[in-house]
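Trainee: Okay, here's the structure, questions in a sec.
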Amino acid sequence: MSQRAGASQCGGVVVEFESGDIRDDRAKRDVNIPGSTLIYLKGPKFLIYVSGALSMWGDRMWHFAISVFLIELYGRNLLLTAVFGLVVAGSVLLLGALIGDWVDRNPRNKVAHASLFIQNISVTVCSIVLMLVFSYKQRIEEIWDGWLTVVCYTVVIILADVANLASTALTIAIQRDWIVVITGYNRGHLAGMNATMRRIDQVTNILAPLAVGQVMTLASNVVGCGFILGWNLVSLIVEFFFLSRVYRIVPALSIKPPVLEEDQVFLQRRERGMSQGESTVAPPQPQPLTEGNCNSSLHLKEITNLPLCFQRFRWLVSTCKDGWRAYYRQPVFLAGMGLAFLYTTVLGFDCITTGYAYTQGISGSLLSLLMGVSAITGLMGTVMFTRLRKSYGLVNTGIISSCLHLGCLLLCVCSVFAPGSPMDLSLLMPYITSNSSTDLGGMTSQRQKHTYALRGGSNQPLLPDRSSIHWTNNTVLFDNVPSDAAPESYISIILLFLGVITARIGLWSFDLTVTQLLQENICESERGVVNGVQSSMNYLMDLLHFIMVISAPQPQHFGILVIISVLFITTGHTMYFLYAHKAKRKRRLDT
């Protein structure tokens with residue numbers, strides 16, 4: 001050590017002057033490098049990452065494929081897709097609290113295994129039904145005067161909805177509960193796992209639809225169903241094995257202690273984590289729930305004076321009501337509501353924004369490139385989250401992320417009034433006289449040079465004025481949009497996508513902030529039901545933005561939707577600012 005230290009201090013080089021002990025120590029370190037890697041590969045974190053990647057990949061493939069399948073089944077019409085979307089949103093909205101309560105009441109391994117089994121088997125059976133329908137569609141339509149086709153459509157939608165509910169339960173169990181226990185309630189490790197899981201989700205969100213889309217394009221829909229079926233069967237086996245191993249090597253997962261003991265453990269682990277990994281400049285975080293906040297209101301009293309069926313129904317209603325009450329009384333209620341409000345937006349890479357971009361002359365290849373760039377900025381948001389949390393603390397990270405998100409979205413607002421914007425408020429006035437229409441004709445025609453009339457076909461879709469656009473979760477299929485037309489100016493669409501892409505940095509950092517606040521501040525006995533209600537709120541606010549589009553479907557209306565979206569997002573961040581103010585004031589009073 002002295003030879004090496006002296007040489008390094010004098011700027012020299014050590015050559016063949018190492019003692020035997022130093023060489024032995026270095027050899028041991030070299031041997032331990034692959035050993036430590038092997039330990040990590042067998043550790044719970046890596047197993048959770050692999051299991052989560054397989055689950056997310058399967059979910060992304062299925063969500064993309066089912067929308068395309070439903071459109072193809074119903075004659076390239078949106079009816080089945082719209083029904084499926086409403087059923088999925090409505091079921092999670094109504095059953096989110098029940099799903100979370102089921103997660104809370106049962107052992108962790110049983111919840112994970114049951115959710116995994118139900119999800120994958122539902123997708124497998126649904127894929128088999130779709131393969132049969134695609135292969136024998138004409139014969140099926142001749143049976144029972146076509147009612148067998150309706151039965152098949154109903155079975156497909158029900159099975160897909162059950163798979164989505166099971167996926168929601170699995171997400172709550174693994175990403176909201178297991179991760180907290182695996183990290184030992186260490187905030188630094190928890191933030192790292194949350195960020196890694198979100199990075200995996202960002203990557204799979206781009207690659208999985210592309211993979212299954214290529215299979216469906218190069219082969220057929222039947223082959224695509226078979227590919228998804230095989231993936232789910234293999235994924236079921238691998239995920240079941242990995243989750244079982246994680247449950248065995250982390251003894252804490254097999255224990256669900258009482259609330260008071262859990263609070264004591266949380267405080268001890270938090271103090272230990274602060275002393276080991278937290279920066280000295282990071283402000284203390286909000287206190288977790290106490291025993292008074294986590295009462296036993298979710299446990300329904302026995303009802304003996306009612307028939308069994310009414311007792312069951314009353315139990316379900318009471319569980320939902322108590323779940324929403326538990327969500328409302330959480331100290332992080334405003335933060336969770338703020339995150340939910342961010343779902344009411346058209347400013348994302350979904351079917352709505354993609355379809356609008358097509359009407360403004362943006363090609364499919366360019367949109368694919370923009371989606372890849374947005375994925376990169378989303379990954380940058382996860383990296384920014386971990387660094388900001390270490391330097392400024394979790395609450396302040398949310399404030400910084402909110403400001404960054406809102407600042408980038410101002411570009412989207414500017415795009416509404418920039419050259420090339422098709423916004424025309426006169427289209428919202430149905431009772432304009434012919435004279436006033438003539439007066440405005442010049443200006444309207446001037447603003448609509450770069451918009452395309454979408455001509456209706458024989459199969460009219462559910463939504464008005466979009467007959468030549470077939471909407472799916474991640475893509476848009478056009479029939480009559482001219483490919484060689486160019487807009488008058490690209491400034492508006494450039495500002496729009498510049499704002500959407502850059503805003504994802506703050507968006508995903510803010511999402512991770514609220515996710516960890518929910519993980520840290522919700523006691524274990526209510527962790528499932530509160531996150532179930534949070535999922536319900538997210539679906540409810542997401543449903544609102546589709547209602548907005550149905551109310552104003554024309555490209556000339558999109559600017560209004562952008563402004564409404566920014567107002568909803570601003571409201572959500574304002575709720576978070578109120579939460580942060582209350583949390584800091586409470587911390588000052590406690591100190």
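Every residue, even glycine, has its Cβ placed from backbone N, Cα and C.
Unlike curated entries, TrEMBL annotations are predicted automatically.
The model shown is predicted, which means the values in this text are computed figures rather than measured ones.
Here's the feature list from TrEMBL:
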TRANSMEM  78-99  transmembrane segment
TRANSMEM  111-134  transmembrane segment
TRANSMEM  146-174  transmembrane segment
TRANSMEM  218-243  transmembrane segment
TRANSMEM  332-358  transmembrane segment
TRANSMEM  364-386  transmembrane segment
TRANSMEM  398-418  transmembrane segment
TRANSMEM  489-507  transmembrane segment
TRANSMEM  528-552  transmembrane segment
TRANSMEM  558-579  transmembrane segment
Trainee: What stretch in 146-174, 332-358, 398-418, 558-579 has the biggest tally of Cβ pairs under 8 Å against the transmembrane segment (528-552)?
Mentor: 332-358
Trainee: Does the transmembrane segment (558-579) come close to the transmembrane segment (398-418), meaning at least 3 CB pairs under 8 Å for residues 6 or more apart?
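Mentor: Since 3 or more Cβ pairs under 8 Å link them, the transmembrane segment (398-418) and the transmembrane segment (558-579) do come into contact.
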Trainee: Any residues 6+ beyond the ends of the transmembrane segment (558-579) with a Cβ under 8 Å from its own?
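Mentor: The answer is 332-335, 337-342, 344-347, 352, 356, 398-399, 402, 405-406, 409, 412-413, 415-417, 421-423, 425, 428, 496, 510, 514, 541, 545, 548-549, 552.
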Trainee: Going along the chain, which residues at least six beyond the ends of the transmembrane segment (489-507) come within the CB cut-off of under 8 Å?
Mentor: 342, 347-349, 353, 357, 360-362, 370, 373-374, 377-378, 380-381, 384, 401-416, 418-422, 450, 562
Trainee: Of the listed stretches (78-99, 146-174, 218-243, 332-358, 364-386), which one yields the highest count of Cβ-Cβ distances below 8 Å with the transmembrane segment (111-134)?
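Mentor: If we count Cβ pairs closer than 8 Å to the transmembrane segment (111-134), 146-174 scores highest.
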Trainee: Please give the sequence-distant neighbours of the transmembrane segment (146-174): residues at least 6 beyond its ends with Cβ less than 8 Å from one of its Cβ atoms.
Mentor: 48, 51-52, 55, 59, 62, 66, 69-70, 73-74, 80, 83-84, 87-88, 91-92, 95-96, 99-100, 102-103, 108, 111-112, 115-116, 118-119, 122-123, 125-126, 129-130, 132-133, 137, 140, 243, 528, 531-532, 535
Trainee: Under 8 Å between C-beta atoms and at least six residues away from its ends: which parts of the chain pack against the transmembrane segment (218-243)?
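Mentor: For the transmembrane segment (218-243), the nonlocal Cβ contacts are 47-48, 50-51, 54-55, 57-58, 61-62, 65, 68-69, 72, 109, 112-113, 116-117, 120-121, 123-124, 127-128, 130-131, 134-135, 174, 212.
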